[in-house]
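Enquirer: A single structure is presented below for examination.
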Amino acid sequence: MKHLLTTNELSYREAVRILDTADQMAAVSSRSVKKLPALRGRTVVNLFFEDSTRTRISFETAAKRLSADVINFSAKGSSVSKGESLKDTAQTLMAMSADAVVIRHASSGAPQQLADSGWIDAAVINAGDGKHAHPTQALLDAMTLRRVRSGATGVASTGMDLEGMHVVIVGDVLHSRVARSNVWLLTTLGARVTLVAPPTLVPVAMDDWPCEVGYDLDAVLAEAPDAVMMLRLQRERMNAAFFPSEAEYTRGWGLTSQRVQRLEDMGAPTVFMHPGPMNRGLEISSEAADSPRSTVLEQVANGVAVRMAVLFLLLSGDESSPYPSEN
Amino acid sequence: MSSYLISNARPEGGEPADLLLTDGVIGAVGPVGTLDVPEGTDVIDAAGAVALPGLVDMHTHLREPGHEDAETVETGTRAAARGGFTAVFAMANSHPVADTAGVVEQVWQLGRDAGWCDVHPVGAVTVGLGGTQLSEIRAMAESRAGVRMFSDDGKCVHDPVLMRRALEYVKSFGGIIAQHAQEPRLTEGAQMNEGAVSADLGLTGWPAVAEEAIIARDVLLTQHVDSRLHICHLSTKGSVDIVRWAKERGVAVTAEVTPHHLLLTDELVRTFDPVYKVNPPLRTDDDVQALRRAVAEGTIDVIGTDHAPHTAEDKECEWSCAAHGMTGLETALAVVQSTLVDTGLIGWERVAQIMSRTPARILGLTDQGQELAPGATANIVLWDPSGQTPVDPTTHASKGRNSPYRGMTLPGGVRATFYRGHPVVRDGEPATPLTR
């Protein structure tokens, strides 16, 4: 594995290996000295064409915990504004001898172009491109689900997959790179995925996607799924007439307190996931966000571990352990 | 007096013959070795080659004035000659837009000065392609450029009233409106065909219905006002059905398809290489097959290249920032051979029809698209259908390097192009332009 661009291209074995490595990395984060020398002397560039403080900080923390040097390169402005070209930026980074480039871009495909162009020979990690893919988000979601399963069964998570788990992803699938990356990764790991959204927010031709699609959230929740993942709703979608009003959206597809109560009454095992930042009161109620079922903060913590794992595996490029030998 | 003997060519794929060209006109055609050849005649050995009437492209972007870094009339027409074309129609989306007699006369004059092929400017339907006010259509028609075809190509004339008026207005001089069928609201921010691939890639979709809805509206308008309509670069199976239906009802509509829509599909977008970004977008294999059949059955009348050269900086960037369009003049006949002739769908006679005779007839050109018979103007391309050549855009005469066939292997090759009796291309490469 030279780059991490999408989850479609991850094999079952690679995905489990990343998650197993991430579990080891998570152990580092719980120590008082949260640092490994694994990537000492290596340079990781965070190349962000789109603002995302959370994702950038997560990658930065991950790289620093592995002792890498981190350069934050914020190429502000929208992708369509004619600033410095992607090509020139890439070649500039190359001249600075970057070992890995973490790229976030509003244009779908920009990370793949960077990887395929020949402008650069660093490892490229997709930190979210347009509406296309966000592989590290899906990996941290998978890690969270694996830990949920591990906690429920008392079996250690190492080597575990998501066989038989039912995950419901709710909301703006059409514009969501998080949904796309999760559909591929979670099903690779054996989970059953159901997408629930208003029909205006689902792509028109998705027959090839390995998941079910429904429009009725209550019907799907009645199956007592293992997890329900709420997607962030961009408020500008309402102006584009994807749905009539925020209130109507929330009634149909929000994780409201009533829906939380119904799951409680059923004794469902369902956990509540959200990639953040949350629109409380829109796609998710405060009752849901603050409920013991919520995994939102674990997802953030797991994000650092997963990104450490990805950086380590791409840059060390071998089967070695992240830990220095003890002798 | 200049004379050339094309020896042993197959006119439109038929029995081998000799053609004697004298002073820009076909003087004689006869069985091989039977013609009286004057002293000093230049003999071109055309053994194995198919002779076709010089190709006529109803849809070219020459970029001049305004975008000379992407193409000029001189380089674009040299590319046309190299591809076997003896006449091209230059679309109006230059800078300034070709919406006045002054601009169309400039383009026409640049074409004459270049001397590689006839250049017929296309006039804009609306001022500045703005879609709100008719441009001075009649002034362009009466200019030295003699404009007959009007189009806002690149943009759709989407206002139904304006479209109706344009269709009516050109009737006074036998003009024709060429529509770029794209419903603008349905294609806001569109990046590629809307379908399974756009769903995977998260690129905003350009649905087939946005093309089909405009074509359906416009064939009805055309019938209502009894005018003539040409549909540019038809790209979907549904569009074929609508045009077929309109023709059965007797609507005076003609339809065009590009070579790239006959060969390439939206699966290529998975590479995110902007060389595959084009408008209308590459569609599905289902559409490709329907378009090929439509050419064979006659629903589609002509091949138009939509040759759209761009600079490297407009293509070497993120997909969503990249310009739409691909070059096509120098690969058109090869793609037509590959998709239509080698597949057994049509023969060379039909190639002559869709790439020369029919476009000449639609636009009223009398000295293009003629039968290869004595008395005809000597606009001829000699095409060798044998062999396979890898496409290398750096060898193209066009300034544009944005060929989607880069690295692919395509059949055949132009051996020579005669423009008004003068060999503007010999041995596959541009020779000298026609001087007058």
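Keep in mind that glycine also has a Cβ here, set from the backbone N, Cα and C atoms.
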Enquirer: Pick the one from A:Arg17, A:Arg104, A:Arg235, A:Arg237 that TrEMBL also lists for the carbamoyl phosphate site with A:Arg54, A:Thr55, A:His134, A:Gln137, A:Gly276, A:Pro277.
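Expert: Looking at A:Arg17, A:Arg104, A:Arg235, A:Arg237, the one TrEMBL places in the carbamoyl phosphate site next to A:Arg54, A:Thr55, A:His134, A:Gln137, A:Gly276, A:Pro277 is A:Arg104.
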Enquirer: If you take the centroid of the Cβ atoms of A:Arg54, A:Thr55, A:Arg104, A:His134, A:Gln137, A:Gly276, A:Pro277, the listed carbamoyl phosphate site, which other residues of that chain have their Cβ within 8 Å of it?
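Expert: Counting only non-site residues, the set is A:Ser52, A:Ser58, A:Ala127, A:Gly128, A:Pro275.
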Enquirer: Filter the binding-site residues A:His134, A:Arg177, A:Pro277: retain a residue only if its CB is under 8 A from a CB of chain B. Output in sequence order; output 'none' if empty.
Expert: A:Arg177
Enquirer: Hey, what's the Cβ neighbour count for A:Gln137 (carbamoyl phosphate binding site) at 10 Å?
Expert: 26
Enquirer: For the binding-site residues A:Arg104, A:His134, A:Arg232, which one has the sparsest Cβ surroundings, going by other Cβ atoms within 10 Å?
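Expert: Relative to the other binding-site residues in A:Arg104, A:His134, A:Arg232, A:Arg232 has the fewest Cβ atoms within 10 Å.
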Enquirer: If you count, for each of the binding-site residues A:Thr55, A:Gly276, A:Pro277, the other Cβ atoms lying within 10 Å of its Cβ, which residue has the minimum?
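Expert: Looking at the binding-site residues A:Thr55, A:Gly276, A:Pro277, the Cβ with the fewest others within 10 Å is that of A:Pro277.
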Enquirer: Fill in the CA-CA distance, A:Arg177 (L-aspartate binding site) to A:Arg104 (carbamoyl phosphate binding site), as an integer in Å.
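Expert: Between the alpha carbons of A:Arg177 (L-aspartate binding site) and A:Arg104 (carbamoyl phosphate binding site) there are 12 Å.
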Enquirer: Run through the Cβ atoms and count how many others sit within 10 Å of the one on A:Arg54 (carbamoyl phosphate binding site).
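Expert: A count of 13.
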Enquirer: Over all shown protein chains, what is the count of other CB atoms within 10 A of the CB belonging to A:Arg177 (L-aspartate binding site)?
Expert: 22
Enquirer: State the Cα to Cα distance, in Å, between A:Arg104 (carbamoyl phosphate binding site) and A:Arg232 (L-aspartate binding site), rounded to an integer.
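Expert: That separation, Cα to Cα, works out to 18 Å.
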